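Below: one structure, written as structure tokens.
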């Protein structure tokens, strides 16, 4: 196996691992969480008062670590222009913030726990990090629109719109905040998997010096 193919395989594997761990919230289909699909945002899965909170926080750390680990091989594969470098940088930044997001969990799931105070510094920090994660992701998706080929660019563009709309829905339509964040999380995972697929179709990504 050539060096290029090995680097590409490592990058693709790490991205797929990251997406799988990032999508651990789908375990709600088989694991009782006590959360509402319609009202409970995805980040409440890891709240300290949830029965399987530690499981979801661990998955989030694994996802973050995999995103960070994917940065060196992605840098080897990406074209040398600044927009593609920005795309790679957002992957790393997303991973770092994701780890912090897991290590500073919500105290409680306020959507289903009426006694949840939701005012500790850690709880508030988690809320801020949630917004930072979305912001980083939107920057990354927008950067892909700037340099991916047309058919791939269309995927990034659609996901960009869906994630942005999900963010608006989560904040302005509280009764469906849970559904909005789930649609948002699915869209985010789709684009990340598209990124892995793009690498698989990317002999043209051989570095131009």
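From the backbone N, Cα and C atoms, a Cβ is placed for every residue, glycine too.
Note: TrEMBL annotation is automatic and uncurated.
Features of the protein shown, as given by TrEMBL:
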TRANSMEM  12-35  transmembrane segment
TRANSMEM  55-74  transmembrane segment
TRANSMEM  86-104  transmembrane segment
TRANSMEM  124-147  transmembrane segment
TRANSMEM  154-173  transmembrane segment
TRANSMEM  179-199  transmembrane segment
Discussion item. With CB pairs under 8 Å as the measure, which of the listed stretches 55-74, 124-147, 179-199 comes out on top against the transmembrane segment (12-35)?
Written reply: 55-74
Worksheet item: Out of 55-74, 86-104, 124-147, 154-173, which stretch touches the transmembrane segment (179-199) the most, going by CB pairs under 8 Å?
Response: 154-173
Worksheet entry | Stretch among 55-74, 86-104, 154-173 sharing the most Cβ pairs under 8 Å with the transmembrane segment (124-147) | 86-104
Item to complete: Report, as numbers and ranges, every residue of the chain located at least six residues beyond the transmembrane segment (55-74) whose Cβ falls under 8 Å of a Cβ in that stretch; write 'none' if there are none.
Response: 7-8, 10-11, 14-15, 17-22, 24-25, 27, 31, 45-46, 88-89, 91-92, 94-99, 101-103, 105
